[in-house]
Amino acid sequence: MNGSSFMRPAVILLFVAALAAAPFAVNQGLLFLIGIAMLQAMFALSWNLMFRYAGLASFGHAMFYGIGGYAVAAIIFHGFPLPFLLAILLSTAIGAVVAFVVALIVLQRAAGIQLAVLTLALSQLVLLFVSYTDFLGRDDGLSGLARPVLDFGFFTLDLRSPTAFYYFIMVAFALVTAGLLWFVSGRFGRVLLAVRIDSERAAFLGVDVRRKRIFVFTLAGAIASFAGALAAPWAQIISTDSMSWFNSAQPMLATLLGGAGSYWGPVIGAFGLILVNYFTRTFVGLSEFMVGGILLFVVLLAPSGIAGFFEMLRRMRNRTRTASAREHNQ
Amino acid sequence: MKLSRRSFIATSVGALAVARGFPAIAQSGPIRIGCITTLSGAASILGKPQHMGMEIAARKLNEAGGILGRQVEIVVRDDQSKPDIAVAAVRELAGDGVNIFAGVLASPVALAISGIAEELDVVFLNAASHGNNLTHENFRKNYFRVTDYSAMRISAASRLMAEKYPHVTKWGAIIPDAEIGRSTMATFQYGLPKYHKELNNQEVSINDPVVVKFGATDFRNAVSTLMSSDVDGIFIGVGGGDEVGFLQQAGQLGLSKKVKVYVSSGSDFQVAKALGKRTPENYWSGHHWYFGAYQDNPVSKALYDQYVADTGDKFPDGFIGMGHTAITAVATAAAKAKDLSTKALVGALEGLTFEGVKGKVTLRAEDHQALCDVNYVKLGPDDGELGWKVSDFYKTDGTDLAGPATPGVAIKFQ
């Protein structure tokens, strides 16, 4: 076993341990932001699923995040008697159905820049629709959302406690991250990579490219909706900002920062963006400036993101090691 | 790979160390008051003065020994006019031990903070938002509003228009597509006919409002609609940068020459400061506080003098006055309760009467709404250096305009 195959699980374990220890180490305000970071990481992972594994760059992905958020928020706000877990599932399903329909229409022909423009336009249309819908609070959104209590019969889980809700999000984050990793590491993931690298050749080999892309788009939409459905009760508010083009840019920025070539890139990027925002929170406008500056730095000096940067360092070190071992042997 | 492990551990440990929570409410050291307001984007022209008012109030309090012997520190966060950003900022500061919050411009932002204040065990003194719902159907017990609100201000505007412009009886309106727009319009539609009937014994007509989105920049359609309708007066429910944009285009397209009067829910001096010589004639703007109406009030005068000394500008916005009033309310309540816990402060603020920049203010015990004066200022173009001038003002006691307290129940106009 070489160093790198041993190190990655160790880093992941350390990351999970740090997340698990957070409620004991940080105040409630920061705990809230770490929760948001996990949700943003899920959102970014779902975007990169399309981008890295199917070559689809959606510019309106926040539409699904917002749909999930609004669905759960409406259920809570209007007091529909639906258990919270079912509400989350229903919201995810709505996101998946909408994504499927969008994929059916949009992926008919478009894959490159047309897809980007179409998804952006569709997301703005949905935003406009929400901003004129009384039931969804129009431009004001739905706020003051009560956090739920999960009743399992033999025990209850009170998500009104920030710590309990935080762990709920953490478990969801772990499940989604592990599930996706399993999914993309298997045969299906490799087929998808083939679709991204050369869709014509993949089609020639018998892969139904369109069907694969529709499936990935739907899955990404469902995951984004799931993240949104958890974000609304976590923040206790949902507004049209959640589906704005600015929010659609967040997973792209996270992926660019963390590295689109790595599965973990979007996670690193999402946490990185939250960190930058946190440390620049007292300087008005500085956070945008910092994010812009860092992205410029990344694009120019480390085009494969933070994850790619570490990978490059590792390779350089290995090369040096091999060279010095060779010298030693001689 | 060692580098990656080291940097990861260093980052995690560093982040945890920096972010390590402070004790819930520190009993010593300065009292930290969270100022949540808009410091970026179009509405920052209103948020910056609000913050400045709080800073001046804190400085004056500190010179006099602070609150309960402790210095006051204002910790400011930009809400970008977005409820979710504001909620995150409040959570962050609350986690850091801050239990007193003040400020906020936009009603949806205020509504979002009000909704979580009790759960976070914090008290929130709203210094500008006007939505009727905040002290009515969406009333929350840890929420206080230290300024007037739609029902009061627009009733005052209606009375003012009926008094000063009895012959202007055909009205149009432009409002934002938001709760605040609808609540101001509902008040105007109720108030104007009522006061015209009472004072002039005549009927008025008010057309359906032209509705625009928040942050709109192109008002040509709205202006054309108003131009083509038979109206003498226009009620403006859009505020801040939107109001500037609307009036600028209304001037260019000739609407300002056609109508006899504009009355606005209010952007204080911001429209005149932005438009200068292009400020329309007969433009009445609602003010949170107009210093000129309180020349004999020592609180108002001290704030005015400090503002002029700090900035050199002679026209402080009302938002400065309300930021100042929020901190004054906290100081008075703390002195009364001799305790800074949220519970004690909420108890002390209920029914509290104190001297603010507009004279006596009472925070109504039932719905936490300030009963205070309402100010309107008439602005217009001028040949002087500023390009605009104040030609008249109107100050009225808002107590009888506030309507009955109905916490939990929507306000009814009948």
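Positions of Cβ are set from backbone N, Cα and C atoms, glycine also.
Proximity of distant same-chain residues to the transmembrane segment (A:31-50), defined by a Cβ-Cβ separation under 8 Å and at least 6 residues beyond the stretch ends, is recorded for 19, 22-23, 56-58, 61, 64-65, 162-163, 165-166, 169-170, 172-173, 176-177, 180, 184, 216-217, 219-224, 226-228, 230-231, 234-235, 250-252, 254-255, 258, 260, 263, 265-267, 269-271, 273-274, 278. As annotated by TrEMBL, transmembrane segment applies to A:31-50 (among others).
Taken from TrEMBL, the feature transmembrane segment applies to A:62-80 (among others).
According to TrEMBL, the feature transmembrane segment maps to A:86-106 (among others).
Beyond its flanks by at least six residues, the transmembrane segment (A:113-132) meets 56-63, 66-67, 70, 102, 106-107, 138-139, 240, 243-245, 248 of its own chain at Cβ-Cβ distances under 8 Å. According to TrEMBL, the transmembrane segment annotation covers A:113-132 (among others).
Marked as transmembrane segment by TrEMBL: A:164-184 (among others).
Taken from TrEMBL, the feature transmembrane segment applies to A:214-235 (among others).
Look at TrEMBL and you will find A:255-279 (among others) tagged as transmembrane segment. Proximity of distant same-chain residues to the transmembrane segment (A:255-279), defined by a Cβ-Cβ separation under 8 Å and at least 6 residues beyond the stretch ends, is recorded for 30, 33-34, 36-37, 40-41, 43-45, 47-48, 51-52, 177, 180-181, 184, 287, 290-291, 294-295, 298-299, 304-309, 311.
Feature annotation from TrEMBL assigns transmembrane segment to A:291-310 (among others).
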*Six or more residues out from either end of the transmembrane segment (A:86-106), which same-chain residues have a Cβ under 8 Å from its Cβ atoms?*
63-64, 67-69, 71-72, 75-76, 80, 115, 118-119, 122, 213-214, 217-222, 224-226, 228-230
